Amino acid sequence: MRSCLSIVLAAGEGTRMKSSLPKVLHKIAGLPLICHVIKQIELAGVSQLAVVVGFGAKDVVHVVESFVKNAMIFEQKERLGTAHAVLSARLALQKGVDDVLIVFGDTPLIEQDSLLQLRAQLAGGADVVVAGFRAFNPTGYGRLLEKNGKLIAIIEEKDASDEEKKLSFCNGGILALNGKYALSLLEKIGNNNSKREYYLTDIVSIASQEGLDVRVVEVPFDNIIGVNNCFELFEADSLWQKRKARDLMLSGVTILKPETVYFSYDTQIKPGVMIEPNVYFGLGVKVHSGAVIHAFSYLEGAVVGTDARIGPYARLRPGTELAGSVKIGNFCEVKKAKIGKASKINHLSYIGDAEIGAQVNIGAGTITCNYDGFHKHKIMIGDHAFIGSNSALVSPLMIGDGSYIASGSVITEDVPMNSIALGRARQVTKKDYAMKLRARLSANQQKK
């Protein structure tokens, strides 16, 4: 197994984002850009990770160290170009590895297959490998200049001749180096340019002039898309969502209108699930086979059991665990609750901090009153209980198996199993009084 060091460049401020948040910490699918990159790097078998930080270093380091263990952190104190940024990780380079993989922290759509292709070229004898792509409109991209089938230089557009600007094979920004030559090549890069910066792209011409084996690997354009402003963030997120929906549908998930469904990076959906339009999956959602997620539902931090039915217009909040065949209907909210098999909460209810047994029916308009202004309290409802409509269940509370709560009740005391509880005032009916009431109200109206 070849050893590999990956250096992730994450020092840029990203002024075009017009945000105080470092660019690499903006999110797609609920995960920071840099974490998407690191995830693919790990899948590509990288053994060592170095991250070069700069603007917002403290925040970037916190996110990286929370996401991955044993990352080496280096700070680029001056912004003197991409090669200078890579050399900020000199100590990591000096350790010596077979492969050095250099990627940017703002390219969240890179896939492990592309990284593995670059590494395969190194294993096959290459010394420098560049990721390239074919651009329909190459404006703004560096061009890859080849001679006799060999890559000899990367020409930035501002330096390109009219003939070179016609080239459509462009620099994708990802670079792989033979660890034997990586440090020496980087140290030979100069700053003889208008900006007095050290450009990483110069490494290609230096390596070519030294007779080293320089190659290019063509990768899909969407793999190397960088994020520089909020519109590009939206575009990257849209492409990620399309990939996720495609993968799910190919695995056996039915998505009726995929362009209206939003997934998070960790969303898990088993084959046989059906998802209707306009559904949002926040972080930490797992949906088991046979479940149906109806339109306009919002799920986060929830587990949905086999053959469950959610929505339409339902909200599942963190800590929700639904067993098989549970039904959560329209305009219901469930938070931090375990709900047993085949139980139903069909209409207009709030259930929070609860443990509900199997085959329980929760009537329309029922709410758990779980917060006293200082603390949350728990309610437990046993199997086969029936909760009538428009009931208020004041926690802490225990309702036993098979118990029946009359509609409109306010329940403040525990209810033993197989009991009936009524918590409302007795109805008073005055026969024929409606006519007298109307006459009195009418007379009062005429006096005005």
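Backbone N, Cα and C atoms are what each Cβ position is placed from, and that goes for glycine too.
Annotation source Swiss-Prot lists region 'Pyrophosphorylase' at 1-230. Summarised as a single figure, the pLDDT of the region 'Pyrophosphorylase' (1-230) averages 95.
Swiss-Prot lists 9-12, LYS23, GLN76, 81-82, GLY142, GLU156, ASN171, ASN228, ARG317, LYS335, TYR350, ASN361 with the feature UDP-N-acetyl-alpha-D-glucosamine binding site. Summarising the environment of LEU9 (UDP-N-acetyl-alpha-D-glucosamine binding site), the number of other Cβ atoms within 10 Å of its Cβ, over all protein chains shown, is 27. Under DSSP, LEU9 (UDP-N-acetyl-alpha-D-glucosamine binding site) is assigned to a strand (E or B) in the three-state scheme.
Per Swiss-Prot, the feature Mg(2+) binding site maps to ASP106, ASN228. If you take the C-beta of ASP106 (Mg(2+) binding site) and look for same-chain residues 6 or more apart in sequence within under 8 angstroms, you find ALA10, GLY12, GLY14, LYS23, VAL24, LEU33, ILE34, GLY226, VAL227, ASN228.
Look at Swiss-Prot and you will find HIS347 tagged as active site, proton acceptor, backed by sequence analysis. Same-chain residues at least 6 positions away in sequence with a Cβ under 8 Å from that of HIS347 (active site, proton acceptor) are, in sequence order, GLY329, ASN330, PHE331, CYS332, GLY363, ALA364, GLY365.
Remark: of the binding-site residues ASN171, ASN228, the most isolated position is ASN228 (fewest other Cβ atoms within 10 Å of its Cβ). Between the binding-site residues GLY81, GLY142, the minimum number of other C-beta atoms within 10 Å of a residue's C-beta occurs at GLY81. In this structure, ARG317 is the one among the binding-site residues LYS23, ARG317 with the smallest number of other Cβ atoms inside 10 Å of its Cβ.
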